[in-house]
Every structure is written in C-alpha cells, then in structure tokens.
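S.K.: Attaching a single structure in structure tokens format; questions to follow.
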Amino acid sequence: MNMHDFSKTKILVVGDVMLDQYWSGRAGRISPEAPVPVVKVADENVRAGGAANVALNIADLGADVNLMGVIGQDSFGQQLNQVLEQAGVASNWVYSESGTICKLRVLSHHQQLIRMDFENAVPELSAKSLAKLVAEKVADYDVLVISDYAKGALQFVEEMIQAAKSQQVPVLIDPKGNDFSRYAGATLVKPNQGEFELIVGVCADQDDLIEKAKQLIQEINIDALLVTRSEHGMALIEKDAGATILKSRAQEVFDVTGAGDTVIATLATAFGSGLSMPKSVKLANEAASIVVRKVGTSTVSKVELEEQLNASMRHQGYASMSEDEVHSLVQIAQSKGEKVVFTNGCFDLLHSGHVRYLNEAARQGDRLVVAVNSDESVKLLKGDSRPIVELAGRMELLSALSCVDWVVPFNEETPERLICKLAPDVLVKGGDYKPDEIAGAQCVWDKGGEVAVLSFWEGYSTTRMVDKIQEAEIKEGAAQ
C-alpha cells in the first residue's frame with residue numbers, strides 16, 4: 001500500500017472538544033479515611049481530547065487541519081490551546097460561559113483508578129454559532145470530520161452536513177447516541193459495535209451485522225458504515241459495493257482511550273488525499289493497532305504508520321510491494337540515520353549459498369533491499385527454460401529471511417534504473433566484478449554511497465542444482 005503525501009490535504013474537524021488531564025504516581029497504601037488507594041502524584045500531563053484529539057492525529061499524519069468547537073475562556077481552555085499550538089493545529093472557537101470540558105484521570109502502574117469530569121451543557125446559542133461557522137468555512141476543505149461525544153456542541157449537526165454536501169465536501173462522522181437519523185446525508189458514519197447494536201439490535205454473527213448495516217444505510221440515507229469491532233477488526237459496508245472485512249492488527253492492547261479518534265482521523269486523511277474508501281479503512285486499521293499499544297489519549301505519526309505498513313507487508317510476504325512503496329520506506333530509514341543496502345539477483349531455486357550471501361550483504365548496513373528479476377527478465381538472462389520458480393514464489397521465499405527487509409521486482413536486464421531511484425547507501429554485488437562494472441554503481445557514488453563486491457560461496461549454484469535434478473531424472477528413466 002502506498003503512503004500518499006498528505007501535506008496538501010485540508011481537513012476540517014468539528015465537534016465536542018475537551019482537555020484530558022492525567023495524574024500518575026505510585027499507589028502504595030490504603031487511605032485511613034476510606035477504603036481507597038492513596039496515589040502519590042509524581043507526574044501530571046495534559047492532552048487534547050475528543051474532537052481535539054482527532055485534529056492532533058490528523059496533524060501528526062502531516063495534513064493541514066483546522067479545528068472548530070465550543071470552549072470557555074478558562075484555564076482548561078488555555079491549556080488546550082497550548083497543546084494545539086504546539087502541535088501546529090489551527091483552531092476557530094465559539095467561546096461559551098459553559099466552559100471547557102475537562103476529564104481528569106488518576107493512574108497508577110498504568111492502570112486508571114478514577115476519572116473526574118468537569119463539564120456543563122453547551123448552550124443552544126453557542127451550538128448554533130458553531131454550525132454557522134462551519135457553513136461559512138467548509139468549502140475550503142477536502143473533508144469534514146464530525147466528532148460527536150454528545151456534549152452539546154453538535155445540536156445542529158444536520159445543518160453542518162447539508163452545508164458540506166452543498167459544496168461537495170465528503171462528511172465522515174464518529175457518532176454518539178441512539179439516533180443516527182440526524183446524520184442523514186453523510187458520506188460515512190463510524191460507530192463501534194456497541195453503538196451500532198444500540199441502533200439495530202444484537203448481531204448474531206458477521207453476516208447478520210452486514211445485513212443490518214445495509215438496512216441502516218438505506219434508512220438514514222448515508223453512503224457507508226464503518227463498524228469498528230475491537231479485537232474482531234472492522235467491517236466497511238458501502239451502499240454501492242460489497243462489504244470489506246478487516247481483521248484486527250493489534251497484538252498488544254494497553255489502552256483503547258482515543259482509539260476511535262485515531263481511526264476517524266486516519267480514515268479522513270487518507271480519503272481526503274485521494275485514496276479509495278476501502279484503502280483508507282485499511283490504513284485506519286493499521287493506525288488503530290498502533291495507538292492501542294499506547295497509554296492514554298495518543299496520536300499516530302506518519303512515520304509510525306509507515307513502519308507499521310512495513311511490518312504488515314513483511315508479514316504478508318511482500319507480494320504487492322511496488323517501487324514507490326519501497327522508495328518511501330528507504331527514505332524513512334535514511335531519515336533516521338539507518339544505512340540502506342541494496343542487492344539484486346534472480347534467486348531462482350533459493351539455496352544456502354544465496355542465504356549466506358544475503359546475510360553477508362545485510363551486515364553491510366541496517367536495512368537490506370533485495371531486487372528480484374521478473375520472470376521476463378530471468379528469461380532474457382537465463383533462457384526460456386527459466387525461471388523454475390515464478391516471481392511471486394521467489395519474492396515470498398526471500399521475504400521470509402530475517403536478514404531481508406524489503407523485496408521489490410524489476411523488469412529490465414539490470415536494476416540500474418531502480419538503484420538510481422532508491423539511492424541506497426551501499427550497493428552490493430556478488431561475484432568477481434570490479435566495482436565500476438556493476439550496474440548502478442555510478443548513481444550510488446554520485447550520491448555519496450559505497451559499492452561493495454562480495455564473494456560467492458563455492459559449490460552453490462542454481463544451474464548446478466538444475467543439472468543434478470536432470471541427471472537424476474535421466475538415471476531414473478534409464479533404470480526403468
């Protein structure tokens with residue numbers, strides 16, 4: 001999957017904003033006043049919550065984001081503004097006497113002991129002013145994200161949706177409550193399974209969920225539903241397409257606080273950049289698997305997401321990695337100071353000589369890219385009887401090696417064009433070549449890189465293996 005450049009994507013986030021405070025420390029004894037633990041507070045920090053956390057997630061992915069909501073001219077509001085300014089999030093507020101919502105959590109040993117909420121109802125006049133502000137600005141954005149926490153800022157959400165639709169701006173909604181009809185006309189609504197079943201009733205199984213989702217889409221006149229299902233992954237159901245079911249990618253779950261914010265933020269950023277809805281959902285699923293490994297309200301950066309995609313591709317055998325995808329991963333590695341090594345070959349009938357060579361190549365740096373000749377390229381080099389193993393199989397075998405980070409195919413006789421594009425730090429070739437005879441060497445040198453020649457291990461050859469197999473078949477035929 002390609003990671004788009006999100007820097008030109010403009011997203012407007014509107015909804016219930018709040019400040020999340022965290023006090024943490026050691027709980028070493030029980031209070032003599034009541035049967036509750038005493039926490040000796042050692043650390044205090046504040047984070048943006050609710051719709052503000054959605055905006056932070058979008059900013060961390062590199063998109064241009066503006067946040068609109070209702071806050072108070074109070075200390076909580078001041079702290080929230082500081083967090084947003086540090087993250088580069090622009091904001092337009094409706095100020096209200098109801099104040100800024102704050103949720104204070106007390107933790108010990110990463111376990112939440114208690115949460116205290118500071119909040120008042122948002123006045124209707126403030127909510128009306130917010131809807132008017134959205135209508136005035138929404139045309140300037142690629143996507144409108146509505147983050148509903150049922151705190152009162154979205155009393156006129158219908159007007160916001162209609163304003164966006166009139167400007168052909170997609171509307172993605174993270175919902176709340178048991179009345180989804182107020183979201184009529186939205187592009188997508190993203191409930192979790194509990195919120196979804198509150199509307200449609202308990203789902204007996206996955207097929208039942210899909211059927212009920214299709215019915216709800218028709219009833220409330222939206223284009224799609226994305227049902228997040230915790231450890232069961234996600235289900236995307238579109239009006240004019242089939243269902244897309246994604247398994248959960250999370251291996252460890254420490255805290256689900258704000259995970260829904262990350263999902264809607266990643267989905268909106270990807271969709272706003274031009275990706276299809278299914279591809280955007282896949283990206284959001286990867287982001288969710290990252291954020292649940294963090295404690296408290298957190299975000300996922302573009303670098304973290306790209307690294308997660310890298311791990312996902314490795315798990316899947318790299319069957320669909322493109323040059324652009326590998327190029328992106330190489331750039332990320334180099335930006336972190338990692339030395340990227342490049343080598344190439346046909347790798348037909350992978351043998352221990354190949355494995356030893358690749359291990360030695362990997363030791364020349366931190367990351368190893370292996371470029372593999374396509375089937376057509378192998379035929380040009382080896383003749384019509386080759387390859388023995390098709391490209392997909394050769395790539396899968398190579399990707400299973402722990403020394404190999406990324407595998408990418410090429411169609412030409414040499415990988416010179418690919419080398420010039422990827423710009424590795426070290427170019428490695430096996431055999432008795434002189435460095436200046438190696439395809440792509442000049443490109444690497446021009447960019448300050450190194451070229452290394454490694455020895456092949458004697459006695460290992462795919463051609464020799466093929467000859468032995470043919471000899472064995474001849475002998476077996478003669479014996480019969």
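Placement of Cβ uses the backbone N, Cα and C atoms for every residue, glycine included.
According to Swiss-Prot, the protein has these features:
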- 1-316: region 'Ribokinase' (REGION)
- ASN192, GLN193, GLY194, GLU195: ATP binding site (BINDING)
- ASP261: active site (ACT_SITE)
- 342-480: region 'Cytidylyltransferase' (REGION)
S.K.: So of GLU195, ASP261, which of the recorded positions has the fewest other Cβ atoms within 10 Å around its own Cβ?
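M.R.: Fewest other Cβ atoms within 10 Å, among the recorded positions GLU195, ASP261, is found for GLU195.
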S.K.: Cα of ASP261 (active site) to Cα of GLY194 (ATP binding site): how many Å, rounded?
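M.R.: It is 16 Å, counting Cα to Cα.
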S.K.: Tell me the Cβ contacts of GLY194 (ATP binding site) under 8 Å, same chain only and six or more apart in sequence, or just say none.
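M.R.: Set apart from GLY194 (ATP binding site) by at least 6 residues yet with Cβ under 8 Å, there are none.
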S.K.: Can you tell which of ASN192, GLN193 has the most other C-beta atoms within 10 Å, given these are the binding-site residues?
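M.R.: It comes out as ASN192.
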S.K.: Other than ASN192, GLN193, GLY194, GLU195, which residues of the same chain sit close to ATP? List them in sequence order, counting a residue when its Cβ is within 8 Å of the Cβ centroid of the site.
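M.R.: Everything else in range on the chain: PRO191, PHE196, GLU197, LEU198, VAL227, THR228, ARG229.
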